[in-house]
Structure formats: C-alpha cells, structure tokens
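Notes for the one structure printed next.
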Amino acid sequence: MYLEVSERQVLDASDIAFLLENSTSPYDYGENESDFSDSPPCPQDFSLNFDRTFLPVLYSLLFLLGLLGNGAVAAVLLSQRTALSSTDTFLLHLAVADVLLVLTLPLWAVDAAAQWVFGSGLCKVAGALFNINFYAGAFLLACISFDRYLSIVHATQIYRRDPWVRVALTCIVVWGLCVLFALPDFIFLSASHDQRLNATHCQYNFPQVGRTALRVLQLVAGFLMPLLVMAYCYAHILAVLLVSRGQRRFRAMRLVVVVVVAFAVCWTPYHLVVLVDILMDVGVLARNCGRESHVDVAKSVTSGMGYMHCCLNPLLYAFVGVKFKEQMWMLLMRLGRSDQRGPQRQPSSSRRESSWSETTEASYLGL
C-alpha cells in the first residue's frame with residue numbers, strides 16, 4: 001500500500017539545503033522515474049519495489065510491440081520509396097524515431113530491475129538517444145499535422161516544388177533541434193553510485209534547478225507546443241471535412257480525431273504528474289514523503305502510458321489506414337515469390353497508384 005505520511009511532514013530548511021547541494025537526479029524522461037538521488041530522507045521502499053516489478057515487464061513488452069509494429073510500417077513505406085509523399089517521409093522518420101526509442105527500453109529495464117551496469121558512456125548515449133527520439137516523435141507529428149493542414153484547408157503543397165530538398169531540410173531541422181535538446185544528456189548524465197541505495201544508476205549530476213529546468217523544457221517543447229499545433233491544424237481540417245461531400249470524409253474525420261486523441265491520452269497523464277513534481281520543486285506544493293511516494297509511482301505508470309504511443313503509432317497511422325493492409329500483403333507476397341522464384345522486378349505504376357498520398361488523405365496510412 002502507499003506510504004501514509006502526515007501532510008505536516010514538510011521539508012525543513014536543512015532538508016532543502018541538503019537537496020540542492022547533493023542532488024543527483026535520475027534520468028527523468030520516464031524510463032527511470034524513482035528518485036535514486038540523494039533526496040530528502042523519505043522511505044522509498046514502495047516506489048522502488050514497484051519500479052523493479054512493473055517497469056522491466058512493461059519495457060520488455062513495449063520493446064517487442066514497438067519494434068515489430070514500427071518495423072512493419074518502415075518496411076511498407078520503404079517498399080514504396082520511389083513514390084513517397086512528404087507525409088510518407090515524415091511517417092518513415094517517425095517509425096525510425098519510435099524504433100530508436102524502444103531500443104533503449106531494455107537498458108532502462110535492467111536499470112530499474114537492478115542497477116546500471118553499462119558504464120557512463122552508454123548511459124550518456126542511451127539517455128540522449130531516448131531524449132532525441134522522444135522529441136522527434138512529437139515534432140514529426142506536428143509536421144504531419146501542418147502538412148495536412150496546408151493540403152486540405154488551403155489546398156497548398158509546400159513540398160510540391162523540389163519536394164525531396166524541402167522535406168529533407170525539414171527533417172534535418174527537426175533532428176537538429178532534437179539533438180540540441182539532448183545536449184544536457186551528453187553533458188550531465190553519468191553512471192553514479194548511490195551510497196544510500198548501494199547501487200549504480202544512470203542519473204543526472206547537477207543542482208535541483210537544472211532538473212526543474214529540463215522538466216519545464218520537456219513539458220513545453222515536447223508536449224504542449226506539438227499538441228497545440230496538432231489541435232489547431234486538425235480543428236481546421238475537421239471544419240473543412242464537415243462541409244465536404246462523399247463517404248471518405250467520415251473515414252478521414254475518424255482518423256483525424258484518433259490522431260489528436262491518442263497523442264493527448266498517452267502523454268497528458270504523464271505531463272500532469274511532471275507538472276505536480278515541478279510545483280513541488282519550486283515550492284508551490286509542499287513536498288512530503290507521502291506525496292513524493294505517490295508522485296514517483298504515478299510517474300512510472302503514466303510514463304508507461306506515454307511509451308505506449310510508440311506502439312500505437314503503427315495502428316493509428318497504418319493499420320487503420322485505407323491501403324496499409326493491402327500494401328503489407330503485397331509486400332509479403334513479393335517476398336514469398338522472391339524466395340521461390342528469385343528476384344523479380346516490381347510492376348511499374350503511376351505515382352498516384354503507388355504513392356501513399358491521395359488528394360484528401362496524406363497517405364496509404366490514412367492521415
């Protein structure tokens with residue numbers, strides 16, 4: 001059961017000074033949310049035992065589902081690479097980002113189950129890789145939303161002229177921003193031995209103010225801004241589709257709603273918990289042992305919900321799409337024929353037939 005502590009058990013001045021001078025916060029983007037740092041002397045048995053049981057199982061499951069699902073999306077997209085639209089290219093990058101993110105989960109599973117055994121170098125790389133692809137997923141979804149907004153609402157294709165150059169530049173900017181946001185991981189993450197827990201963990205080594213600043217950056221740049229872009233774009237798209245004619249509008253409306261709802265449902269709970277933690281960091285909410293234990297467990301559960309978005313992406317952007325199943329089946333059939341008869345040349349077709357793009361939908365994925 002949760003640790004029941006009186007609300008009067010608020011940090012005194014000596015506890016706060018100890019926290020600011022000795023804080024070594026863990027990697028705080030969800031994969032290891034228990035405070036393994038030299039935090040105020042609160043018992044952490046419940047949250048640590050919960051993480052050791054819950055996180056390894058969850059991360060292993062998400063690793064398998066995310067790898068298989070996004071691998072299937074990437075395979076189908078690459079099979080149509082000569083006819084990819086701008087949104088298709090963003091979706092391919094999104095699948096790659098999700099794959100790279102889930103590839104770090106086994107490392108964090110080991111860290112949660114026992115301790116970090118991979119050294120400081122891999123700690124920095126794994127932490128930065130996770131952070132880069134966390135931001136990349138949100139930014140690419142925003143790019144897809146904006147591309148659909150221009151195409152459907154304004155009937156404008158900004159990537160029609162020199163499409164490969166413009167799409168490539170957009171992707172370079174997105175990945176560049178993600179690397180920039182991950183610089184603190186390269187600098188401050190390290191494998192540190194926690195004497196209180198007698199274990200080594202991949203964690204940040206900087207004052208509490210730096211930990212709070214990173215959480216605010218994640219909340220604003222990695223969640224609120226992309227969500228606002230998606231909500232604005234898809235609200236206008238829905239307005240246009242509601243006055244359009246034909247049965248296709250209902251299918252497009254369903255997918256549009258699912259896009260925004262899935263992102264919000266998966267990530268909103270986690271960021272609300274992070275907001276509570278930020279408010280405790282800055283003193284707006286009193287930090288006590290009971291509340292801290294509840295927040296630690298809540299971060300573990302809600303971060304798992306957020307990572308589920310990597311597994312949902314193939315379902316939302318592929319399996320719900322109009323032509324993905326058909327293209328996946330054709331790809332499997334071609335692979336089967338290749339094994340039996342040797343390599344065969346794919347029949348030529350027009351861009352409209354082979355591309356994942358249509359006039360009112362972004363791609364065969366159905367966006």
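Every residue number used here counts from 1 along the chain in the order it is shown.
Just so it is clear, glycine is given a Cβ too, placed from its N, Cα and C backbone atoms.
According to the topological domains annotated in Swiss-Prot, Gly119 and Ser192 fall on the same side of the membrane. Reviewing Cys143, Cys171, Cys178, Cys202, the cysteine that Swiss-Prot connects to Cys123 via a disulfide bond turns out to be Cys202.
It is Cys123, among the disulfide-bonded residues Cys123, Cys202, whose Cβ has the fewest other Cβ atoms within 10 Å in the structure shown. Between the transmembrane segment (90-110) and the transmembrane segment (169-189) there are 3 or more Cβ pairs closer than 8 Å, counting only residues 6 or more apart in sequence, so the two stretches are in contact. In summary, the transmembrane segment (169-189) lies against the transmembrane segment (126-146): three or more C-beta pairs, each 6 or more positions apart in sequence, are under 8 Å. The average pLDDT computed over the topological domain 'Extracellular' (190-222) stands at 86. Note: the Cα of Cys123 (disulfide bond) and the Cα of Asn198 (N-linked glycosylation site) are spaced 18 Å from each other.
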